[in-house]
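Here is the structure we will look at, set down as structure tokens.
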Amino acid sequence: MTSQPETAQPDPSDSETVSPPMRRPLSFVRRSNRLKPSYQRTWDAALGNELLDIPHGQRDTSVAEGFRIDWAAEFGRTAPIIVEIGSGSGEAVAHAAAENPDTDFLAIEVYKPGAAQLVSRIRREGLSNVRVAVANAPEVLDRLFAPGQLAEVWIFFPDPWHKKKHNKRRLVDEDFIARLARVLPPGGVWRLATDWSGYAEQMRALIGASPQFKNPHAGERAGADSPLTQVRLHDLDAISMGRQPAPLPLEEALDDDGGWAPRFPGRTQTDFETKALAVGRRIFDLTYIREP
């Protein structure tokens, strides 16, 4: 149930400044939004129910300024809320919602065909604790959530934008870290996973430099135990892409910092991850806790 804010509903902009959502390049490029007839029927039936009916601004993925959602009214209860950004067809979030019926989930996905598959999955599995937002994630965080309103945020396998000229499009940057810090309370959890070593290093460096987050696994899985060491030692990224590898000698390959989290048990292995593993890629998990 979407609505304008009532007097008792916290305004997302009440206590902290919200960053302007259009100051950075979008972290995605829209592909075809055409749906198969069966998915279109499901989409139409779900709009305003499992699929949030979000009014847009300048772009068809933006969130209109002033739009609010009363989340307790939307889910019919007050429960912890977990947001997954980039849910794709919803394998991970649907599995998590089924395993955690006392938690509410918002899946953010900008690609309409993927979101349609997710909505279809939600309906097929009878999941009442998931909603889907087809919108730009930074704007969703800025405009639809009050400070400290989320229990956790998950970002699993975001677009790596691996070409150097496209790195600026990566979702996780200093500005985005500030957005996450606003919506998570002290003790709130931010979970990330990627199969791109360069993006993993960037996220570890950027979030690790923020005083607003703490890595509970700092120093763990370092040296020979680090997945980054293995990638560097054998140039697994190049091999997985069919390129000639340029492995580093051991002394240069060693990742002395570590800080990689163990695999989050609540993150089910999706088809995407299975394919990445099949071509020899390594998975990097990171977990951060919001500091007081």
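Glycine is treated like the rest: Cβ placed from N, Cα and C.
Listed in TrEMBL for this protein:
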| type | residues | note |
| --- | --- | --- |
| REGION | 1-25 | region 'Disordered' |
| COMPBIAS | 1-18 | compositional bias 'Polar residues' |
| BINDING | GLU84, GLU109, ASN136, ASP159 | S-adenosyl-L-methionine binding site |
| BINDING | LYS163, ASP195, THR270, ASP271, PHE272, GLU273 | substrate binding site |
| REGION | 165-170 | region 'Interaction with RNA' |
Provide, as an integer number of angstrom, the distance between the C-alpha atoms of ASP195 (substrate binding site) and ASN136 (S-adenosyl-L-methionine binding site).
23
Could you say whether, by DSSP, PHE272 (substrate binding site) belongs to a helix, a strand or a coil region?
helix
PHE272 (substrate binding site) CB neighbourhood, other CB atoms within 10 A:
15
Alpha-carbon distance [GLU109 (S-adenosyl-L-methionine binding site); THR270 (substrate binding site)] in Å:
16
State the count of C-beta atoms found within 10 angstroms of the C-beta of GLU84 (S-adenosyl-L-methionine binding site), not counting that atom itself.
25
C-alpha of ASP159 (S-adenosyl-L-methionine binding site) to C-alpha of ASP271 (substrate binding site): distance in Å?
16
Assigned conformation of GLU84 (S-adenosyl-L-methionine binding site) - DSSP reduced to three states:
strand
Take the C-alpha atoms of ASN136 (S-adenosyl-L-methionine binding site) and PHE272 (substrate binding site) and report the distance between them in angstrom, rounded.
22
